[in-house]
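Reviewing the structure listed below.
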Amino acid sequence: MTTAAQLRAESARLLTEKQGSSQGLVPTMGALHEGHARLARTAVEQNDVVVASIFVNPLQFGEAVDLDRYPRTLEADMELLDAEGVDLVFAPAVEEVYPGGEPLVRVTAGRLAGKWEGASRPGHFDGALTVVAKLLHYGIPGTGLPGGGAFVTGAGAGLPAYRAYFGQKDAQQLTLVRRMVTDLNFPVEIVAVPTVRSADGLALSSRNRFLSGEEREAALVLSRALRLLEERANAHEPLDLESAQALVESQPLVGLDYFDVVDPETLEPLAENCKETPFRGEGLAIIAAKVGPVRLIDNLPLSS
């Protein structure tokens with residue numbers, strides 16, 4: 001499907017046909033891999049009707065060259081989603097999502113957008129939240145039914161439950177989407193799905209295809225550094241972020257952007273408080289680096 005009207009009509013038809021009580025949305029930019037398959041699989045397990053979207057959002061790319069370079073693999077993506085049991089695929093053109101060109105009004109990510117990924121990619125999260133907001137609106141279940149469109153779902157509302165699925169790998173985006181949904185009263189439950197990794201520990205990413213063999217081997221240092229912090233947290237020891245960072249910086253093909261331990265909800269740094277004393281509570285180790293020409297991000301939840 002390529003239009004919001006088609007999406008609403010077809011999802012309403014399927015909900016009626018299945019006598020469904022829940023609908024899931026899996027927003028993607030395509031170039032799908034096993035991480036996306038896990039998102040789709042989880043959504044199918046938890047909902048009666050599942051919609052996946054494939055849309056390369058121009059608003060979240062800083063440079064046109066990055067947008068042009070992003071891989072488009074629609075046919076393969078459709079096959080993957082079909083194999084996972086997704087009911088509907090929404091693959092709109094840019095003109096469908098932004099019919100008047102770039103929108104005058106956007107969702108702004110606020111102060112959380114200026115740190116970590118946002119510091120390196122100005123405007124990225126404003127663009128990402130704007131398109132997520134639109135996709136969440138398109139996917140509200142029941143709006144294609146006669147009399148549909150009420151901005152309420154769930155038990156007692158007369159409309160199906162509504163869930164949207166995001167990967168833990170994009171931790172800052174996940175945090176911001178959750179805040180947007182809470183602060184702006186979106187009628188949707190955000191479900192986080194754990195990061196999927198290859199057997200050697202590399203977090204799956206659509207960008208991995210651009211790594212040479214040597215660069216891919218070098219990129220493994222990111223997950224190894226995160227695991228060092230996890231081991232220390234599990235052992236109730238000080239985190240020793242400096243040693244983990246030195247491991248990353250010892251790899252000549254890797255240019256470190258940031259590496260820290262933050263509060264999972266506020267994204268404020270925690271590592272400074274854990275240099276001398278054992279780590280306690282919940283945290284999120286986050287890292288970003290350029291490996292050759294490819295920018296990679298990863299993270300790992302910490303608990304002690």
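The backbone N, Cα and C atoms fix where each Cβ goes, glycine too.
Mapped onto three states, the DSSP output places V196 (ATP binding site) in coil. Swiss-Prot lists 29-36, 167-170, V196, 204-207 with the feature ATP binding site.
DSSP classifies H36 (active site, proton donor) as helix under the three-state reduction. The active site, proton donor annotation in Swiss-Prot covers H36 and is backed by sequence analysis.
The (R)-pantoate binding site feature in Swiss-Prot is assigned to Q60, Q173; the stated evidence is sequence analysis. The secondary structure of Q173 ((R)-pantoate binding site), as reduced to three states from DSSP, is helical.
Under the heading beta-alanine binding site, Swiss-Prot lists Q60. Within the same chain, residues at least 6 positions away in sequence whose Cβ sits under 8 Å from that of Q60 ((R)-pantoate binding site) are G123, H124, F125, G127, A128, V131. Look at Q60 ((R)-pantoate binding site): DSSP puts it in a helix.
Taking all protein chains in view, 18 other C-beta atoms sit within 10 angstroms of the C-beta of V196 (ATP binding site).
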